[in-house]
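Trainee: Pasting the relevant annotations from TrEMBL:
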| type | residues | note |
| --- | --- | --- |
| DOMAIN | 2-145 | domain 'SPX' |
| TRANSMEM | 250-268 | transmembrane segment |
| TRANSMEM | 280-303 | transmembrane segment |
| TRANSMEM | 315-332 | transmembrane segment |
| TRANSMEM | 338-356 | transmembrane segment |
| TRANSMEM | 377-399 | transmembrane segment |
| TRANSMEM | 411-429 | transmembrane segment |
| REGION | 438-491 | region 'Disordered' |
| COMPBIAS | 473-485 | compositional bias 'Acidic residues' |
| TRANSMEM | 510-535 | transmembrane segment |
| TRANSMEM | 541-561 | transmembrane segment |
| TRANSMEM | 573-592 | transmembrane segment |
| TRANSMEM | 598-622 | transmembrane segment |
| TRANSMEM | 667-690 | transmembrane segment |
Amino acid sequence: MVAFGKRLKERQLEEWQGYYINYKQMKKRVKQYAQQIELGTLDRRHVLKDFSRMLDNQIEKIVLFLLEQQGVLASRIAKLGEEQDAVQPEPELQKIAKLREDYRAVGQDLLKLFSFVEINAIGLRKILKKFDKRFGYRFTDYYVKTRANHPYSQLQQVFKHVGFGAVVGALSRNLHDLQDRHGSYLSIYDQPTLPLQDPVIDSIRAAVDRLTNSTNFLNFLGQHALIMQEELPAHTDEPIDDQKYHFMSLILNLANTFLYMVNTYIIVPTADDYSESLGAAPTVCGIVIGAMAVAQVFSSVYFSAWSNKSYFRPLIFSSITLFLGNALYALAYDLNSIWILLLGRLCCGLGSARAVNRRYISDCVPLKIRLQASAGFVSASALGMACGPALAGLLQINFKIYKITFNQDTLPGWVMAAGWLMYLIWLSFSFKEPSHDIEENHKPHKSNAESSELEKGQKQPLLVSSENKADEEAPEDCDGSEEAPQESRKPANSIGSAYRLLTPSVKVQLLIYFMLKYAMEILLSESSVITTYYFSWSTSTVAIFLACLGLTVLPVNIVVGNYISNMFEDRQILLASEIMVFIGIIFSFNLFFPYSEPQYICSGLLMFVSAEVLEGVNLSLLSRVMSSRLSRGTYNGGLLSTEAGTIARVIADATITLAGYVGVSRLLNLTLLPSLFICIASILATFYTYNSLY
């Protein structure tokens, strides 16, 4: 795989070469520092001072050139504005068309400037991460804190779109005005209807959103899926490979996601009653619910590996396994066996194909609609989470057919078995397996930014100059590690190698993800036991409560995605959400006053909503600070986050069952204590890495 430094250079415009961050020189300087420190000829204080000065000079060079180019673009727009005013009295079609083309040319140059800023921002992040990794310093914390928060900060000029707003606004207004003018002097028979928005303006606005990390509801939802994008901006003229994309296959993957989430939560309102009817304690519901998550820990790995070769066969296996698992879950009642019940739930967990669903979107959906597909993945999960308990609340009937019982305990299993059978039939007729030979032939265009090093090697001369050869083989061209260049971009091939790629920032984000999943699982899984003990709620009431919690997911994401995330930084929202989860946990304890329904509902709602907000910004930051080597392969970032969340659910469900042996009266406080301690740990860890989250 081509090293990051070389890919960075390939993206640079030749005429602007001298104004980009000198990534290669800075990496060499980092290597020299390491050698000098090892020899004892340089102290660490001098290293920090010298490297800070070098960074300041690089940023100043970038910013001054940026301001100069903004001035050039502004002058061109002003000149075009004068020409536009001159043609207003007697507008001519030819002159208007020429003006529009001239404005578009300015827009294309503005896109180049956006790419210039983005490439430099990525280069700065990379070199800061490399410095921290090489020396074990928290230099990034120091540098960002002292520079970004300074009133005369030049760093913000790089990481924010300072000065671009006026240029974009002037371009948009003038192009729109010319478009209206163009239409006024043509008959509808002379030319088809013009688009309402010039394509170059759409491209510019997309670049602004990407550069500033500004977001909207769609982006915010898409980030929940943790489907990582290429870290360097793609050239605007690069073709998009959509030969692997099949719309119905995407719908089938989203349907699989929806059904699996329904399957997960449909048993929650009745799991305690079902356990009790089979002679077990009500708190065994924790093990019943958690058995699915236990199996998912293993299924996520083999499904992720299987998706390297096929998408269709894993989905077929998933459907059959889930059909059998739900049938066993339902039959356990008449067989009077808690073990059959647990076996059924384990089978359901072994059928978890979420890794395949996520991988299909990442590998097979074209870049232009991948954000919508990612948002669809998250929306399907949220809808399934709400529909599961709601459906359980509707299944309050009791009858027998022959010797098979259909009641509120068994019907969730029978309904889901029927659902998976229908899905299996639909899948068999409608899914189109992507061609894997296309994947081999089109690697340069993949979303995962995979390399074309072999192809390039075939085209390059066998003999190169010693200077070029040294540049190509130099270890400092590796990306963020001391590996050889050919190893530096390979995906992780084991859990161990993936773990070694985790920086402190990534570990903290995974801890936060573990914490929020643990807290949510405690709240949801023990809800039927707690509400029955304290408030004597019926199954229908529990189902309504859980469904209402699930229905808050999309509205909360709309508010956060459209408003809050545009007003505050992700790291600020992250910390505030953690504190709100902490407050929700505190208010959930039963300590000094009789436990009441308003206390339980309000604290549960606060905890759940805060955890949902936290999940969005957590995964957004995780995708930003995670190594690009974890964006592909079996052991990818999505798998790591899934495993962290699944293990959290397993431990939470086991905690409920173990605490149940002490007594239901103490269950609430005993299960909330671990949530409280993990939440405090995650808040402290966030403070520790706060300045590296940008």
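Each residue's number is its place along the chain shown, starting with 1.
Here the Cβ of each residue, glycine as well, is placed from N, Cα and C on the backbone.
Computed from a predicted structure; not experimentally measured.
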Trainee: The transmembrane segment (573-592) vs the transmembrane segment (315-332): three or more C-beta pairs under 8 Å (separation of 6 or more)?
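Mentor: No, the transmembrane segment (573-592) does not contact the transmembrane segment (315-332).
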Trainee: Does the transmembrane segment (250-268) come close to the transmembrane segment (377-399), meaning at least 3 CB pairs under 8 Å for residues 6 or more apart?
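Mentor: Yes, the transmembrane segment (377-399) and the transmembrane segment (250-268) are in contact.
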Trainee: Tally of helix, strand and coil residues over the domain 'SPX' (2-145) according to DSSP?
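Mentor: Going through the domain 'SPX' (2-145) residue by residue, I get 125 helix, 0 strand, 19 coil.
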Trainee: Any residues 6+ beyond the ends of the transmembrane segment (338-356) with a Cβ under 8 Å from its own?
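Mentor: Those are 253, 256-257, 260, 263, 267, 274-275, 278-280, 284, 287-289, 291-296, 298-300, 303-304, 306-307, 311, 314-315, 317-322, 324-332, 413, 638-639, 642, in sequence order.
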Trainee: Which residues, given as numbers and ranges, are at least 6 beyond the ends of the transmembrane segment (667-690) yet have a Cβ under 8 Å from it?
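Mentor: Sequence-remote neighbours of the transmembrane segment (667-690) are 141, 283, 504-505, 508, 511-512, 514-515, 518-519, 522, 526, 529-530, 533, 571, 574-575, 578-579, 581-582, 585-586, 588-591, 595, 652, 655-656, 659-660.
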Trainee: Which sequence positions outside the transmembrane segment (250-268), separated from its termini by at least 6 residues, show Cβ-Cβ distances below 8 Å to it?
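Mentor: Residues packing against the transmembrane segment (250-268) from afar: 274, 288-289, 292, 311, 315, 318-319, 322, 326, 329, 345, 348, 351-354, 356-357, 360-361, 364-365, 373, 376-377, 380-385, 387-389, 391-392, 412-413, 415-416, 419-420, 423, 426-427, 430-431, 524-525, 527-528, 542, 546, 550.
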